[in-house]
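Here is the structure we will look at.
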Amino acid sequence: MAVEDEMKANVLETETLPYIHKVGVPPKQSLFKEFKSRVKETFFADDPLRPFKDQTRGRKFMLGLQTIFPILQWGRDYNFTKLKGDVIAGLTIASLCIPQDIGYAKLANLDPQYGLYSSFVPPLIYAFMGSSRDIAIGPVAVVSLLLGSMLQDEIDHEHHREEYLRLAFTATFFAGITQATLGFLRLGFLIDFLSHAAIVGFMGGAAITIALQQLKGFLGIQTQKFTKKTDIVSVMRSVFSTAHHGWNWQTILIGAGFLVFLLFTKQLGKKKKNLFWVAAIAPLISVVLSTLIVYLTHAEKHGVQIVKNIKKGINPSSVRQIYFTGDYVAKGFKIGAVAGMIALTEATAIGRTFASMKDYELDGNKEMVALGAMNIVGSMTSCYVATGSFSRSAVNYMAGCHTAVSNIVMSCVVLLTLELITPLFKYTPNAILSAIIISAVIGLIDFEAAILIWKIDKFDFIACMGAFFGVIFASVEIGLLIAVAISFAKVLLQVTRPRIAILGRLPRTTVYRNIEQYPEATKIPGVLIVRVDSAIYFSNSNYVKDRIARWLIDEEEQLQAKGLPRIEFLIVDMSPVTDIDTSGIHAIEQLCRSLKKKDIQLILANPGPAVIDKLHASAITELIGEQHIFLTVGDAVFTCTPKVVDES
């Protein structure tokens, strides 16, 4: 009879108790399989070889060509409607790029024709190899300034013109090598280390620096009287020191008048989207009118500085001018790598923006290879670093482009300009080029983005401001260095000091959440539940262990002061812990041994596959006890303190 009663009691107990799942241990993988899987996820997460699966040899060859030259894929569906849109877009961005290219070349301390060269060859290469439909290729203000300032630090462009030009081509070559290598090795994630906040600050600072540099042409100050430094203090000192004897009122009148016109057309284009073309052709109209004014009034005889001669003809070969040996190779590589990374970051951001607006996929690695190839070829055809231009890409998009053919159209217009029109730019005043650049870079100062960054993340805002002030008060390189340093510091801080939360149970549930986020969540008597929101590595293992131990001491002191039961169980929710290394294992072992001395049981909840596998491999599970590893925090609490759970 007693045996029957005991059996009935056991049946009733099993019926009332929920089933407790055990933590599963993943099947053991060989070292080779694990390494292969990790490499695949790191470098080939998009599975680039998937389209080649189960294809014939001829089909695979064709797919390989389409991978390198996407034009072979989308070109099959090309039609007259798309051509019409691309021609209109190409002509529109050409009218914008020609005056900009002449001005941007001056930013890089190069003759005007090199800016035009860089909008002829690189866009052609990109049209065949790029995967973006909207990006417009050519020189940009930030990269031109960066390249010019870094080259100037190595060679004086006024006294050693030939060597300066050769170093510019060398830097462009290595910029292309850097970009293409990142694409081939699928290392595009490296550019993500330059955070969005840092880019916003860097671009804003560069915009102000570029605008200040244009005061030389805008005010008519002679080049030899103007500082070669880019920081705001040096530039403003140079501007005001020449106020009485260096400014030219005719130059100021031309520059200010057309700057107002350019800003007005830009605002008109923003307010009325259908009039975007007015803002796009405004720079070319300004160049034509200002050149005509100077020619008719002979203003160059009254101190108005003009462009003078722009060399006629298409790009000459520059292969023999690139430094492949000597001291300048290392310098060219350093400058090229930095300029290439910044150009890549800008192009990637622009490409992703417009791809999301038109809802199509952009292959980042193909983009890097395409940009690298166009700069390598460009360096051999008298071009300097080219990339995607935001202003031109926006105009390209608004003009109704369908494919990269708009770049080909733009390139053809630049070709005609080089062959036929360049002599007409002889009387173009430098002031109009300065006005065009100032109006173009104003859009790089994104106040709304900075305000949003402040609202979202204060540390990101510090990175933004660090890059901004570094550029305007030191140099473009220093600002870039500060941006990268602060971005890395943020990553290191998050890795070394991960968030750890105390959990409580939400009323009438078995759900356990952060008590700071959910004040109504209650702690379980005799139990401290913590959650580690990060992988546990050598960089943070001691912090995690010490933080948990400190919380435990604080909790015990509070309980003792209130006369409540002591802590008997420490439950660590490991759901967010994606991985753990030997230092992390050692930290858990130390924590477990320390708790045992205080008669507190360590319990782990929901360790992931990588974590539980390493816990078993290190025999930590034997120290903790298999019975103290649970699938959920709810199971752990129920098993440890069933009476408390039932009562609540």
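The backbone N, Cα and C atoms fix where each Cβ goes, and this holds for glycine too.
Automated prediction, rather than curation, is the source of TrEMBL annotations.
What TrEMBL records for 164-185 (among others) is transmembrane segment.
Look at TrEMBL and you will find 197-215 (among others) tagged as transmembrane segment. The list of residues near the transmembrane segment (197-215) in space but at least 6 beyond its ends in sequence, with Cβ under 8 angstroms from a Cβ of it, reads 107, 141-142, 145-146, 221, 230-232, 235-236, 239, 345, 349, 434-435, 437-438, 441-446, 449-450, 453, 457, 460-461, 463-472, 476, 479-480, 483-484, 486-487.
The transmembrane segment annotation in TrEMBL covers 247-264 (among others). Sequence-distant neighbours of the transmembrane segment (247-264) (same chain, 6+ residues past either end, Cβ-Cβ under 8 Å): 217-221, 282-283, 286, 289-290, 293-294, 299, 302-305, 429-432, 434-436, 438-439, 442.
Taken from TrEMBL, the feature transmembrane segment covers 276-296 (among others). Away from its own ends, the transmembrane segment (276-296) comes close to residues 92-93, 95-96, 98-100, 254, 258, 261-262, 265-266, 268-270, 304, 306, 395, 398-399, 424-425, 427-429, 431-432, 435-436, 439 of its chain (Cβ-Cβ under 8 Å, at least six residues beyond either end).
The transmembrane segment annotation in TrEMBL covers 368-387 (among others).
Annotation source TrEMBL lists transmembrane segment at 399-425 (among others). With a threshold of 8 Å between CB atoms, the same-chain residues lying at least 6 positions outside the transmembrane segment (399-425) that come near it are 71, 74, 78, 81-83, 85-94, 97-98, 101-102, 112-113, 116-117, 119-121, 123-124, 126-128, 130, 132-138, 276-277, 280, 287, 291, 307, 309-314.
If you look up TrEMBL, you'll see 431-454 (among others) marked as transmembrane segment.
As annotated by TrEMBL, transmembrane segment applies to 461-489 (among others).
TrEMBL lists 517-640 with the feature domain 'STAS'.
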